[in-house]
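Engineer: Could you have a look at this structure, given as C-alpha cells, before my questions?
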Amino acid sequence: MNIEALNNFKQSGEKITCLTAYDASFASVFDVCGIDIILIGDSLGNVIQGGENTLNVSMDDMVYHTKAVTKGAQNALRISDMPYQSYTNSEQALTNAKLLIIAGAQMVKFEGGCEHEASFKIFQNNDIPVCGHLGLQPQSVIEMGGYKTEGRDKQSADKIIKDALALASWGVKVIVLECIPANLAKQVSQSLSIPTIGIGAGVNCDGQILVSYDMLGIHVGYVPKFVKNFLIDSGDIKSAVNAFIEAVKDKSFPGEQHSY
C-alpha cells in the first residue's frame, strides 16, 4: 500500500481501512487480512500502558512500537503517531519524525491545525509524508475540556474546514477526522483532494479507523458511541478483522448509531 493507492481509492470511491497495532503479532494478522493502513497509535498509552490519556507516551515508546509493528507488517501502509510534546517547534518535530521513519514508519501523524504551520512546512520541504488529525484531539483533551464531539457550532466547524484546507495545501497526504458531526465530515471530505479517515465522523469519510482493542471488544467501562465490537459475532481475530474490512468497504460501518 502506498500514498498513490490511497488517492486512487478516494477517486474511485473505494473505502480505506485502518486499524491500530502496537506489536508484530497483531500487525501480521492485520496485514495478512489485507488492512490498508496500520496506525502505530499513541493510544498505546491507554490500551497498553493503562493510562487515562495519551499524554505520558514518549518518543522512545513510539520508536519501540513502530519497530515492532514494522517486523509484522510489510504490505499495509505504516503510520506512526508523534506523541505529546514531540513537535512543540518545527526543528524538534523534524528530528523526532526522522526517528520514526528510521524505525519503520512510512508516514507520521500529529494533531492540530494552522498553529503547527511551521512543522507541516518543514516536513513538506524534507519529503516526510504527514497525516493530519483534526476534530477531537486526544493530546489536547485537557485544554479542550475532555473527550467530546467537536465541530458542533459554526465557529468550531469553520476552524476544522479552514485547518483541513490549510493542511492539504501544505502537503499533508491524509487527514484523520475524529468525533465530528457526520455532515461536517462529509463537507470536509468533499472539499479535499486528499483522503480523510474517520473515527466517529460518519460514513462519508474516505476511510475508517478504529483502535484494534475496541474493534475486538477488549475494553471495560465506558465505550465510545463510534465503537463496534466485530469479534462478538466472529469466531476468531482474523474473522473479526475481515468483518471490519468488509463492513467499511461496503459502507455498512459506521452506521447512524455510530455517528454524531
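Cβ atoms here come from the backbone N, Cα and C positions, even for glycine.
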Engineer: Swiss-Prot records Asp42, Ser43, Asp81 as 3-methyl-2-oxobutanoate-binding residues. Which of Lys10, Lys15, Lys109 is assigned to the same site?
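Structural biologist: According to Swiss-Prot, the candidate sharing the 3-methyl-2-oxobutanoate site with Asp42, Ser43, Asp81 is Lys109.
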Engineer: Of all the binding-site residues given, Asp81, Glu111, which residue's CB has the most CB neighbours within 10 A?
Structural biologist: Asp81
Engineer: Measuring Cα to Cα, how far is Glu111 (Mg(2+) binding site) from Glu178 (active site, proton acceptor) in Å?
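Structural biologist: That comes out at 11 Å between the alpha carbons.
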Engineer: Applying a 10 Å Cβ distance cut-off over all chains shown, what neighbour count does Ser43 (3-methyl-2-oxobutanoate binding site) have?
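Structural biologist: Taking every protein chain into account, the count is 22.
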Engineer: Under 8 Å Cβ to Cβ from Asp42 (3-methyl-2-oxobutanoate binding site), same chain, six or more residues apart: give me those in sequence order, or none if nothing qualifies.
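Structural biologist: Residues satisfying the criterion: Thr54, Val57, Met62, Asp81, Pro83, Tyr84, Pro138, Gln139.
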